[in-house]
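For A:20-40, A:47-68, A:118-137, A:149-168, A:214-231, A:305-330, A:370-391, A:398-420, A:465-487, A:507-531, A:552-573, A:619-638 (among others), the entry in TrEMBL reads transmembrane segment. Summarising the annotation, TrEMBL assigns domain 'NADH-Ubiquinone oxidoreductase (complex I) chain 5 N-terminal' to A:102-152. Residues annotated as domain 'NADH:quinone oxidoreductase/Mrp antiporter transmembrane' in TrEMBL: A:168-229, A:307-501.
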Amino acid sequence: MDALKSFFMTAPVEPAVFAQSLWLIIALPLLGAFVCGVFGKKLGRANVNFIACAMVAGSFALSVLAFWCVNHAPSGGTPVAMENAFSSSAIRYALGYDYGIWFAAGDFRVNLGLMVDHLSGIMLLVITGVGFLIHVYSTSYMEHDESPWRYFAYLNLFIAAMLTLVLADNLVLLFVGWEGVGLASYLLIGFWYTDAAKAWAGRKAFIANRIGDFAFLIGSFLIVLLVGAFNDQASTSNYAPVGINPEAAQVRFREGLEMKGPLTFQGLEVMANAVPASSDKAPNALTLQTPIQAGPLAGRTFGGVLTAALLLFLLGAAGKSAQFPLYVWLPDAMAGPTPVSALIHAATMVTAGVYLFCRMSYLLVLSPTAMLVVASIGAFTALIAALIAFAQDDIKKVLAYSTVSQLGLMFMGVGTGIFWAAVLHLVTHAFFKACLFLGAGSVMHGNGDETDIKKLGGLRHEMTWTWVTFLIATLAITGIAPFSGFFSKDALLHGVHHNHLHGFESASTLLYAVGLVIAACTAFYMTRLYVLTFEGQRSPEAKTEHAHESSGYMTVPLVILAILSVVALVYALPLMPSRNGLQPVMENFLGPVFASAERIASRGALATLDHSVPTMADYLIAWVVALVGGGAAAFAYLKYYPSRGEQPAPAFARAVRRFTQNKFYVDEVYTFLIIRPVKNLGVLLFKLVDTMLIDTVLVRGTAWVTARVGGALRYAQTGDAQAYAAVMALALLGGAVYAIIQVLQ
Amino acid sequence: MVHSVDIKYYLVLAAVLFCLGMFGVLVRRNALVVFMCVELMLNAANLTFLAFARQNGDATGHVSAFFVIAVAAAEASIGLAIVIAVFRSRGTVNIEEIRTMKH
């Protein structure tokens, strides 16, 4: 055991040496995207498949190495630590490299810095690992498509952008990845662009994302101003929690700002540590209630601006992670190829919002209001998405709403401060949801692209591998005991229940209750999906007589993902020693990342974070909830549906069903409230400004005036040399007369 | 400086020549005659230059007159060439019928 431990904690490469090569992790898939996109047509299908998969595999190998280096703590040696430009205390279990100035304007500057700590390390492994499996799966899934090079170029581009997002050590570089994944997602949703509906789905996703990204940008600008104001106003006593010598810490922070710019996560972390909630303990210090003295934000308090910035980031995260009010694009995004849904719209990109808030956990815990809003948005989204999922008949749409719902759960966790469980659920969800999506793809592949679950059924005997893996993933997301989803969801709900936001005491219980309802709903619609697809008799409406099992390229990734969605449960088990007894592996593991958030919360004024481990009773409740939900669905659809399926449902049930099937008419509400007014305004502006003012008055008017003036002047231009000479003579005469008058005077 | 003639006679002569030339330019229709009239006007100008130069006792007027003569020679040669080209293409040198400048 000790030998194993020391093996995993001794990296084969010196971390400081490896850090310089971090850029390769991004560069490899980027190169793959370039080669596939530019030369793909000439290279041919097999070469493109090989290049695309190899680049991601290379990235995965490097990610493993990076992760290994982050854990580097040889016995007798010191654990790997990264120098913090903003404070004298190093960042533990992190390595990074700064490639110098990216751009600068005045005293604002942004560096091209990459950083790997435990959080981004986990994300790296998920992105490249799941990404690689999905690349392999795609080689078989897309084998009949006519332009695989375009597909793999986009897919590699996506991986590169997502890796940029998680490797970035500042908000600006993160935003580059943030935009990059949005672009790749847009390109891939509209991949089959000859179908207008699919192209429209891509546009919808793009625009919904842009709204969020705009909020993200404004939030970043607010943070820049906030850091500037903090730097101007903070007194030495603010820096007492940062370093042993406050004066040195203040100098260090200023140097850090000059060296790395205001949007670096390390600097934000130091700032968050240095701002107390109240001035009880540090009399002269700047607090969250202190008004900002100068600049565009003058008069507002630090806490207020921070809350506003965090809410803007929430809108940004809502766009990317498909949360209310910007979740409407995700179900439409299912128009893209299925592996894309698995990779981008279930496993990686949509978790960017959760990642962002985990990355900035120390800022989030400074604002209970923002936390509560994040949690409430998550709970609300999770609930309505789960309800909509009940009535969907399209296998991918059910999974899409389920994704929205699970992301909502993660937001609940982030919002109540149980960050590690949110990350754990993110990881396990990446495994089982990718497995479900790929399974759905396999089902479609074997059934002539049939997506209506009512026209499937009985696949259990025909697609054995798909069935087994889909069953495991379904049980995992449903929350049945020995699978990872049970533990991660339970850890999440436990944290939601026991963490307290001061000022919003009753929120935790309410959120917990909502969480249980969501868990029951998840169990119900997932069981319904599974039962209708795999159990019972084959539907007479099926497109093909017999489904065929997919090739090994598709089933092997399914098996690996299914295994992963079981073994990931280890991370939720309380095996690691800590101050309060044993703590879950993941919590221990992410400890260094969330240390600042813990420290700020333990000051006690804003939030109380709980560290208890779920008891048997908690597990029992979760299990019963899952069993009840799943059992109800299984009973309803196995016993009741086959016999009553032919009969018309009562009017009330049909109305409810139509209502949910139409997604609560949210799209229609948006059309009515936003899209149509904007469109009408656009038409008005077009008629008034474009057609009338610009086209008629300016463009045609200019031509008209010129033509008329020319027509009038035409009469002066006779072409008769003598007429011109006469004019000259008259002018001369005039000059002579003038001269004579002058002389005579 | 024997029998020095008063400058005003020169100037009056120049004015008469200039007016004759201008009259010809404005009235005559034959391009060649128009050119001759232009020469007349240039010579009137030359005469004034020389008269003033003589009166002031410096060479500036002479130099100017030389320039005018050179320019007049160039103008006459190019003008004649144009007139001949026009005559070849149209069979006439009547400037009333040559109005292609209009377009």
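Each residue, glycine too, has its Cβ placed from N, Cα and C.
TrEMBL does not curate its annotations; it predicts them automatically.
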Please work out which recorded stretch in A:149-168, A:370-391, A:465-487, A:507-531 has the most C-beta pairs separated by under 8 angstroms from the transmembrane segment (A:118-137)? A:149-168
The domain 'NADH-Ubiquinone oxidoreductase (complex I) chain 5 N-terminal' (A:102-152) [mean pLDDT, rounded to integer]: 90
Stretch contact, the transmembrane segment (A:370-391) with the transmembrane segment (A:507-531), Cβ-Cβ under 8 Å, 3+ pairs: yes
Leading contact stretch, A:20-40, A:47-68, A:305-330, A:398-420, A:507-531 vs the transmembrane segment (A:465-487) - CB distance under 8 Å: A:507-531
By a Cβ-Cβ criterion of under 8 Å, what residues six or more beyond either terminus of the transmembrane segment (A:20-40) are in contact with it? 48, 51-52, 54-56, 58-59, 62-63, 66, 95-97, 99, 114, 116, 124, 128, 148-150, 152-154, 156-157, 159-160, 163-164, 167
Counting only CB pairs under 8 A, let me know which of A:398-420, A:552-573, A:619-638 has the most with the transmembrane segment (A:507-531). A:619-638
If one takes Cβ-Cβ under 8 Å and requires six or more residues beyond its ends, the residues near the transmembrane segment (A:552-573) are 130, 133-134, 136-137, 139-141, 421, 424, 427-428, 431-432, 434-435, 438-439, 441-442, 445, 465-466, 468-469, 472-473, 476, 482-488, 490-491, 584-586, 589
Which bits of the chain, at least 6 residues beyond where the transmembrane segment (A:149-168) starts or stops, bring a Cβ under 8 A of a Cβ in it? 22, 25-30, 32-34, 36-37, 40-41, 43, 48-49, 51-52, 55-56, 59, 113-116, 120, 123-124, 127-128, 131, 134-135, 138, 142, 174, 176-181, 183-185, 187-188, 191, 337, 339-340, 343-344, 348-349, 352, 355
Across the domain 'NADH:quinone oxidoreductase/Mrp antiporter transmembrane' (A:168-229), DSSP yields 53 helix, 2 strand, 7 coil
